[in-house]
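Q: My questions will all concern the structure given below.
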Amino acid sequence: MSPPCHTSALLLVIMALAVAGAEQSEERSCDVIGDESSESQMERALLKKLEPLSHMRFNVTVEKGKTENYIYNFRVCREVNSTSHDFGGLVQTDRQNGKTTVIGRINETQVFNGSDWIMLIYKGGDSYGRHCSGEKRRAVIMISCKRGVTASSFSIISEEREKEQECFYLFEMDSSVACPAENSHLSVGSILLITFVSLIAVYIIGGFLYQRLVVGAKGMEQIPHFAFWQDLGNLVADGCDFVCRSKPRNAPAAYRGVGDDQLGEESEERDDHLLPM
C-alpha cells in the first residue's frame, strides 16, 4: 500500500472511531409511547421539567428474608447502564447471584402530573416468569413536591405481582421539580410603592452626591433643589392655613388686645361736677 493510501485509510479509521465515540457519549433519553408526532405539549413540558434529574443516579436496597435481596438502580430518562444499550431506566440486581432484570425501559415512557406531583412510568421491562401471566414488567415512580430539595428519599413502596395482568413496581421520591411555580405575594400596590420609594431614594442620594461633589455645596444646600422644596413647604403651609381656617378672614376678633394702640386718649370728662360747689 502506497503512503497516500495508507494515510487515507488511517484517517478513515480515526473518523469512524470518533463517530462511534460520539454516539456512545450521547445518552438516550425518554421516548414517550406512541409516534413522536402524537406527543402532547404537556408531555414534552414534563420531560423538560425532569431534565435536572437526568444526571443523577438513585438506588435502594431491599432485603426480604433469605430469598429476596435486591438493589434497584434508577435514572430519570437515562439508561442505568448505557454500555448495554438495553434502554433500562430502572434495573433490579440480585445481590446473591448478580443477575440483572430490567424493570422498565425509557423507550416506553409515560408521564403525567398533578398539582404537586409527577408520575413517571417505564414500561416494556423483562417478562415475569411465574407471575402476572408472564407479561412485561413495569415501573411506576411517583415524584412528590418538596421545595429546596433537588432529589431525595428514593424508595420502593410495593410490588404488585399477585394479579393476572397490569402488575407493577411502585417507587417514590421527593424533588422540587414536581412543585408548582410559586406565585408572587406582592400586590400591584406594593410593587408600585416599592418602585416609588426606590426612585425617591435614587433622587435624594444621587442629588446629594451631585451637589456635594460637583457643585461643591455645603450644609442644607446639599439637598437637591433645596430652593424649590423650601418654597414648596411655604406654599403648602399657606394652603393648609387657608383651607383649615375655621373662621372667615374678615371676621372681627373675639377680643381686643391690651396694647397701647388699643388705649384711647384720656377722656376729657371729669368728675368735677360731682364735687360740692
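The backbone N, Cα and C atoms fix where each Cβ goes, glycine too.
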Q: I'm validating the feature mapping. Which of 94-116, 255-277 is tagged region 'Disordered' in TrEMBL?
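A: Of the candidate stretches, TrEMBL labels 255-277 as region 'Disordered'.
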Q: Do you know the mean pLDDT across the domain 'MRH' (28-181)?
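A: A mean pLDDT of 92 is what the predicted model shows over the domain 'MRH' (28-181).
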